[in-house]
Ligand SMILES: [Zn+2]
């Protein structure tokens with residue numbers, strides 16, 4: 001990845017101060033309604049207790065079984081794991097970062113290559129983000145105007161403007177099965193008028209994205225619900241975006257450091273407002289606990305860099321929590337990370353071996369990335385199987401009591417599961433208000 005000068009951005013400076021204020025009547029224009037879709041969403045089973053559901057999401061390049069976790073690739077390749085290995089893990093959909101792909105190899109090369117599928121030899125489904133989030137989080141001097149997101153190129157310092165139209169044009173060139181609208185992204189910890197401004201602007205940008213979308217017959221554009229942690233703003237955003245009739249809807253603006261209690265309540269409020277016959281995607285969510293909670297709340301799709309990022313620190317994901325392989329107790333432990341895991345790492349190497357090579361970062365990163373992605377994918381499959389068997393509440397109880405075998409349940413997990421009629425098994429350590 002290109003080394004960028006990272007500098008935190010003051011959210012207040014992102015708000016546009018030069019544009020004339022938008023009149024109340026122009027906050028939401030006449031909706032641009034979509035009539036074309038390039039997906040089919042077939043419900044397979046619904047949990048009779050929670051809001052969890054299992055479906056088949058048929059996309060141009062693959063039939064994706066939901067609930068699904070989508071690993072994130074950068075520069076057309078996942079950190080520490082190849083597309084071939086993802087295929088071996090039966091991964092059917094992955095993410096590509098529009099910002100990175102737009103920089104290198106670049107839009108023109110991508111078009112010449114015939115899109116990202118061919119470029120990285122991946123024949124299954126792909127989803128690309130709008131590029132906006134990456135820019136706001138990676139670049140300095142970023143500023144949001146009604147026209148788009150203004151930022152400074154890391155390569156030559158020139159100013160570049162990412163408009164909704166440009167974002168869609170780049171994503172049309174990449175050719176993913178699902179592309180995301182450009183939205184006005186703010187941190188989930190921002191409060192006040194800026195949240196409302198970003199929400200309404202995201203609706204207006206959705207209209208511009210739909211109008212610019214040149215491949216509606218073979219690429220699906222997803223709207224992104226904004227509105228921060230404010231339930232009323234989320235409701236308004238859902239109502240307006242549903243009028244646009246996009247093939248799917250994402251819940252955006254979460255996993256940005258907000259309290260866990262606010263996180264689950266926002267998902268629990270937003271998901272039931274969305275159409276039942278369309279996929280719901282919660283962006284940036286990838287901790288195993290969050291995947292279980294959000295699946296119970298009715299979410300179908302997830303993505304996160306966490307499994308591969310945490311692999312670089314020697315962390316293996318398991319049902320019992322994070323296994324820190326650098327710990328000296330693993331030096332003589334000849335078991336695999338997880339005896340039930342069918343991944344190449346678990347079939348081939350012991351904890352002791354992985355512990356011994358921890359200094360050689362690239363090898364460990366690679367082996368743990370394979371296991372961690374396999375863990376996430378298998379967690380989703382196990383949930384899907386439980387939903388189809390209508391045993392999902394029992395799965396949740398077992399999962400949570402294993403994860404919290406040695407520590408109390410966080411209150412937010414107890415509350416979120418209670419909201420979908422699941423009482424967790426008694427925990428010998430009780431319940432704590434501390435987050436996890
Ligand atoms: Zn494994």
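Cβ coordinates are placed from backbone N, Cα and C, and glycine is handled just like the others.
Listed in TrEMBL:
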type: ACT_SITE; residues: 129; note: active site, proton acceptor
type: ACT_SITE; residues: 303; note: active site, nucleophile
type: BINDING; residues: 129, 130, 131, 132, 133, 183, 226, 253; note: substrate binding site
type: BINDING; residues: 341, 343, 346, 371; note: Zn(2+) binding site
type: DOMAIN; residues: 50-403; note: domain 'tRNA-guanine(15) transglycosylase-like'
type: REGION; residues: 284-290; note: region 'RNA binding'
type: REGION; residues: 308-312; note: region 'RNA binding'
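Locations of recorded TrEMBL features on the structure.
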residue : record                       : CB count, 10 Å
129     : active site, proton acceptor : 27
130     : substrate binding site       : 29
131     : substrate binding site       : 24
132     : substrate binding site       : 27
183     : substrate binding site       : 30
226     : substrate binding site       : 28
253     : substrate binding site       : 30
303     : active site, nucleophile     : 22
343     : Zn(2+) binding site          : 22
371     : Zn(2+) binding site          : 27
Completion exercise
With neighbours defined as other CB atoms within 10 A, the best-packed of the binding-site residues 341, 346 is 346
Exercise for the section: Give residue numbers and ranges for long-range contacts of the region 'RNA binding' (284-290): same chain, 6 or more residues beyond its ends, CB-CB under 8 A. Expected result: 69, 254-256, 263, 299, 302-307, 317, 319, 375-376, 379, 400, 403, 413, 436
Practice task
Among the recorded positions 129, 132, 341, name every one whose Cβ is found under 6 angstroms from ligand 1, counting any of its atoms.
Solution key: 341
Exercise for the section: Indicate whether residue 371 (Zn(2+) binding site) is helix, strand or coil by DSSP. Expected result: helix
Completion exercise
Cα of residue 371 (Zn(2+) binding site) to Cα of the residue listed as 'active site, nucleophile', in Å and rounded, measures 16
Completion exercise
The average per-residue pLDDT within the region 'RNA binding' (284-290) comes out at 97
Completion exercise
Here the Cα-Cα span from residue 133 (substrate binding site) to residue 303 (active site, nucleophile), rounded to a whole number of angstrom, reaches 14
Practice task
Other than 341, 343, 346, 371, which residues of the same chain sit close to Zn(2+)? List them in sequence order, counting a residue when its Cβ is within 8 Å of the Cβ centroid of the site.
Solution key: 336, 337, 338, 342, 344, 345, 347, 370, 374, 375
Completion exercise
What DSSP gives for residue 346 (Zn(2+) binding site), in three states, is helix
Practice task
Report, in whole Å, the straight Cα-to-Cα distance of residue 346 (Zn(2+) binding site) from residue 130 (substrate binding site).
Solution key: 36
Problem - the residue listed as 'active site, proton acceptor' and the residue listed as 'active site, nucleophile', distance between Cα atoms, whole Å - result: 11
Completion exercise
Reduced DSSP state (H/G/I helix, E/B strand, rest coil) at residue 131 (substrate binding site) is coil
Practice task
Between the Cα atoms of residue 131 (substrate binding site) and residue 346 (Zn(2+) binding site), find the distance and write it as a whole number of Å.
Solution key: 35
Practice task
Report, in whole Å, the straight Cα-to-Cα distance of the residue listed as 'active site, proton acceptor' from residue 346 (Zn(2+) binding site).
Solution key: 32
